[in-house]
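> Dumping what Swiss-Prot says about this protein:
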type	residues	note
BINDING	34, 37	Cd(2+) 1 binding site
BINDING	164, 167	Cd(2+) 2 binding site
COMPBIAS	1-19	compositional bias 'Basic and acidic residues'
COMPBIAS	106-145	compositional bias 'Basic and acidic residues'
COMPBIAS	258-270	compositional bias 'Basic and acidic residues'
COMPBIAS	272-285	compositional bias 'Gly residues'
DOMAIN	23-86	domain 'HMA 1'
LIPID	389	S-farnesyl cysteine
MOD_RES	389	cysteine methyl ester
């Protein structure tokens, strides 16, 4: 008998046998601009094993490959060549059934004892419903963790030199470009720049120093907005002062005279108001004690000019005839000054009165003015003359 030789044909591992499943239609979608793209794709499948036909639909940008091929391999090949994304439209072929490698001997069969013993099932762990609810709550709490609150808008006051309106426009333009800035206000009188928004002060100052080429300082904010609080506190304080002053005025109205020991002089309390006397009493006034002997009054009024009637003046007699004009020149001593006042009198024709003259002052028998008549007015609103007034 002849010996039978078993011939085993070995093939290289790189080669793949075409699937024995028959012809497969692979539809792919990709971008094709023109017929040149279609010709290039057809050249790709010219030497591809298993491909029988290639169809291209330019309107819908679809490529159809017919043959005994692997759809995934065809898609990767096209995408690699044209350098564009390729989408596989048709369903992928089912995977191949892998045959176990032949070991040369009879296949081992499982022992009948192993087949008879069914697989032992482990008891499932019993879970309590309360534990599940707690776990779900924890997971939901972690997911629904409140996000961090957004940063609050703040106001930053910067101090820098402002020379002119050009500087102000430049600073506004630079600051408005910073992210988070809402508004910019400039106080040129105090050289202040007020910036409102969500700002990082540590990064803002060096940035402005570099851009403006000048020093920019941050004015520290007062604690708890001290300015408004101070203003609010000042308002009631002012009201309290006004109430106190009003009460003092009411008390001062009941004026009482007191006798001073030894001198016998009388002292009277006078309320002297300040500020708003004629304007409706708006200002605050204070009360003070005024003595008649201590009140100096106002300055001396200007010395008036006097017209003297015809007759003797300083012992000199001037005779006038009717129808003749006369003039007399009189020197009067100014009280308490040490110099002499000169007055020029003009008398008209007839009786000597060419012009209406004011009433003559008090004259004594010698015909000259009383020097005591030129002294300063008595004390303002004194006891002797409560309605008197001095001419300023």
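Each residue, glycine too, has its Cβ placed from N, Cα and C.
Looking at the shown structure, can you explain where the listed features end up?
Under DSSP, residue 37 (Cd(2+) 1 binding site) is assigned to a helix (H, G or I) in the three-state scheme.
The C-beta environment of residue 167 (Cd(2+) 2 binding site), restricted to residues of the same chain at least 6 apart in sequence and closer than 8 Å, consists of 161.
In the predicted structure, the domain 'HMA 1' (23-86) carries a mean pLDDT of 81.
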> So, three-state DSSP: helix, strand or coil for residue 164 (Cd(2+) 2 binding site)?
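Going by the DSSP assignment, residue 164 (Cd(2+) 2 binding site) belongs to neither helix nor strand, so it counts as coil.
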> Where residue 164 (Cd(2+) 2 binding site) and residue 34 (Cd(2+) 1 binding site) are concerned, what is their Cα separation in Å, rounded?
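Taking the Cα atoms only, residue 164 (Cd(2+) 2 binding site) lies 65 Å from residue 34 (Cd(2+) 1 binding site).
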> DSSP-wise, what's the residue breakdown of the domain 'HMA 1' (23-86) into helix, strand and coil?
22 helix, 19 strand, 23 coil
